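Working notes, beginning with the structure itself.
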Amino acid sequence: PRRLTSTSSSSSSTTSVHVTALDGLVNVNSLFTIAVFVGLSLTTPGQHSLENRAPCDAGIDSAKKLLVFEVVSFSFFLFSSLVAQGLKLAINLLNSKDVDEAIRAHINLKVLRLGMMGSAVGSVMGCLFLMLSMVNVIEIRLGMLSCGSKSAVHSVTALVLLVSSALLVYISTAVYAFLH
């Protein structure tokens, strides 16, 4: 198996890039995890929507779905972060011979690539479930989509278009990096 060596400056910079990418992934997951808890705190069951029409108020099912989507989203972000942190630990501590040269670790590139891809998949799945939970927050706060609330429809449309576009770019970049 190919291994990064501490004698090559090219491999040490490659390992440093991996550590930086993993740091970025953990930081973004942390921000999204905060969003999960903010979404939970802003919504309570039985709340009346701003649409001010009783048929537009979300039922208890929307609140239940919100809670499920938030928990699943949190689980995926936590999975992704823990995998990334584990890879960083392997790179920085377990394989380093010199504490001052932690970025020049010996690590199996296949394991590194697989772990990074697993972490990326966890982040993507977390984003998808976070987006679904945000749709429920919008319905609870602005009115049900089935009711035709313009504010809710516009908000959900913007959310889905922007998040889907960003995820498409992220997935494309991750797949390209994985294959090359």
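The backbone N, Cα and C atoms fix where each Cβ goes, glycine too.
Automatic prediction, not curation, is the source of TrEMBL annotations.
Since the structure is predicted, the reported quantities are computational estimates derived from the model, not experimental observations.
The following features are taken from TrEMBL:
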TRANSMEM  21-42  transmembrane segment
TRANSMEM  71-94  transmembrane segment
TRANSMEM  114-138  transmembrane segment
TRANSMEM  158-179  transmembrane segment
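Remote same-chain partners of the transmembrane segment (114-138), defined as residues 6 or more beyond its termini with a Cβ less than 8 Å from a stretch Cβ, comprise 18, 21-22, 25, 28-29, 32, 35-36, 39, 42-43, 58, 62-63, 65-66, 69-70, 72-77, 79-81, 83-84, 86-87, 145, 152, 155-156, 159-160, 163, 167, 170-171, 174, 178. Long-range contacts of the transmembrane segment (21-42) within its own chain (CB-CB distance under 8 A, at least 6 residues past either end) are made by residues 66-67, 70, 73-74, 77-78, 80-81, 84-85, 87-88, 116, 119-120, 123, 126-127, 130, 133-134, 137, 141.
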